[in-house]
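The feature active site is assigned by TrEMBL to K184. The ATP binding site feature in TrEMBL is assigned to D33, G34, E35, R89, Q90. As annotated by TrEMBL, Mg(2+) 1 binding site applies to H122. Annotation source TrEMBL lists Mg(2+) 2 binding site at D160. Under the heading D-ribose 5-phosphate binding site, TrEMBL lists R186, D210. The annotation domain 'Ribose-phosphate pyrophosphokinase N-terminal' is assigned in TrEMBL to 2-109. The domain 'Phosphoribosyltransferase' feature in TrEMBL is assigned to 151-255.
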Amino acid sequence: MIVPGASSQALAAALARAIDEPLAAVEYDRFPDGETLAAVPDFDDDRAIIVATTDSNDAWVELLQLQDAVREAGATEVVTVIPYMGYARQDKAFEDGHPVSARAMAQAVSTGADRVVLVNPHEDDISSFFDGHVTIVDAAANLADPLPDDLDDPLFLSPDAGAIDLAESVCDAYGRGDVDYFEKVRHSGTDVEITPSDADATDRDVVIVDDIIATGSTVSQAVTHLNSDGARNVFAACVHPLLVRNARTKLERAGIEQIVGTDTVERDVSIVSVAPSVAAAVEAVTQ
Ligand code: R5P
C-alpha cells in the first residue's frame with residue numbers, strides 16, 4: 001500500500017496510480033500540547049511505500065510515526081520515499097557546535113525504513129547518512145518539458161557552480177542552448193550575493209535552474225541581473241519549489257516570466273510530476 005504524508009498527497013496518489021497499488025487512508029491529528037499523531041487505521045499489507053516530503057518539523061515527526069504505524073499494522077517491508085528532504089542543506093557542521101542535521105534526520109529515518117528513495121537531495125553524498133539502501137531519483141531533465149518550444153537562443157544558468165549539472169540536464173533535455181553559472185556567496189539564510197556569469201544574456205531567453213527555490217533570494221537576484229543585462233524573458237526551473245515567506249513577491253518584482261517546479265513540493269507551480277521517475281525507482285527496489 002502507498003501511505004501518503006500530509007505534504008505529499010497528490011504525488012502519493014499519482015504514484016499509487018502509476019504502480020497500481022492501493023492508497024492507504026492516513027489520519028492526522030494534533031493534541032492540545034502540540035504533539036502530532038499520524039495513523040493508518042485501514043493499513044493491511046506486507047509492504048508499505050510511504051511518500052512524505054519533510055518540509056517542516058511536523059512532517060519529519062509524522063514520517064517517523066507513519067513508519068512505526070505501518071510496522072504496528074503488520075508491514076514487514078517499509079520503503080520510504082522522501083520527495084523533498086528538508087534539513088539536507090545542513091549536511092555539515094558549518095560552525096563549531098553545530099549539528100550535522102541531515103545526518104541526524106537520516107539516522108532517525110533509518111530506524112524504521114528498509115529502503116529509502118530520495119529525489120534530487122541537495123547533495124547526493126547525503127545518502128551515506130542512511131543505514132540502508134538509498135536510491136536517488138534525478139528529476140531535473142523533466143523540467144524541460146513545460147518550457148516553451150520557441151525559446152530564443154536559450155541560455156541555461158545555475159545560480160552557483162554546484163548546480164551546473166542540473167542546468168546541463170535541463171539544457172540537454174530541451175535539446176539546444178548554452179550552459180553557464182553565476183558565482184554565489186551566501187551571507188545568511190536570506191542574504192545572498194550573486195555575481196553575473198560570463199555569458200552574454202542580451203536578447204536571449206534565460207532559464208535559471210536550481211534544486212531549491214526557498215526564500216527566492218538567489219533566483220530573484222539572478223533575475224534582476226539578467227533583466228538589467230537586457231535578457232529577453234527569464235524563467236526559473238527548480239526541482240523543489242518551496243517558495244517560503246515572500247519568495248513569490250520577490251520573484252515577481254524582479255520580473256520573472258514563469259516558475260516551473262515539480263510536485264516534490266506541492267505548490268501551484270508544481271506542474272512537472274516526478275511520479276513516473278519515482279515509480280520506476282520504487283519498482284526497481286521492490287522487485
Ligand atoms: C543552495 O545551495 C541551493 O541550491 C539553493 O540555491 C538555495 O537553497 C536557494 O535558497 P533561496 O531561495 O532561499 O535563495
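Glycine is treated like the rest: Cβ placed from N, Cα and C.
Caution: TrEMBL annotation is automatic and unverified by curators.
Positions of TrEMBL features highlighted on the structure.
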residue: D33; record: ATP binding site; DSSP class: coil
residue: R89; record: ATP binding site; DSSP class: coil
residue: H122; record: Mg(2+) 1 binding site; DSSP class: coil
residue: D160; record: Mg(2+) 2 binding site; DSSP class: coil
residue: K184; record: active site; DSSP class: strand
residue: D210; record: D-ribose 5-phosphate binding site; DSSP class: strand
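Spatial neighbours are here defined as Cα atoms within 10 angstroms of one another, and by that definition the neighbours of D160 (Mg(2+) 2 binding site) among the recorded positions D33, R89, H122, K184, D210 are K184, D210. Ligand 1 lies under 6 Å from the Cβ of none of the binding-site residues G34, E35, Q90, R186. Looking at D33 (ATP binding site) and H122 (Mg(2+) 1 binding site), their Cα atoms lie 33 Å from each other. Among the binding-site residues listed here, namely G34, E35, R89, H122, R89 has its C-alpha nearest to that of R186 (D-ribose 5-phosphate binding site).
A sphere of 10 angstroms centred on the C-beta of D33 (ATP binding site) encloses 5 other C-beta atoms.
Neighbour counts were taken as the number of other C-beta atoms within 10 angstroms of each residue's C-beta; across the recorded positions K184, R186, the minimum falls on R186.
Between the CA atoms of the residue listed as 'active site' and E35 (ATP binding site) there is a gap of 39 Å, rounded to the nearest whole number. In the structure shown, across all protein chains, H122 is the one of the binding-site residues R89, H122 with the greatest number of other Cβ atoms within 10 Å. Secondary structure of the domain 'Ribose-phosphate pyrophosphokinase N-terminal' (2-109), assigned with DSSP and counted as helix (H, G, I), strand (E, B) and coil, comes to 39 helix, 25 strand, 44 coil. H122 (Mg(2+) 1 binding site) and E35 (ATP binding site) are 29 Å apart (CA-CA, integer value).
In the structure shown, the C-beta of D210 has more C-beta neighbours within 10 angstroms than that of any other entry among the binding-site residues G34, D210. Within the same chain, the residues at least 6 positions away from Q90 (ATP binding site) whose Cβ sits under 8 Å from its Cβ are H98, P99, V100, S101, A102, listed in sequence order.
Between the CA atoms of H122 (Mg(2+) 1 binding site) and R89 (ATP binding site) there is a gap of 6 Å. With DSSP states grouped into helix (H, G, I), strand (E, B) and coil, the domain 'Phosphoribosyltransferase' (151-255) comes out at 34 helix, 32 strand, 39 coil.
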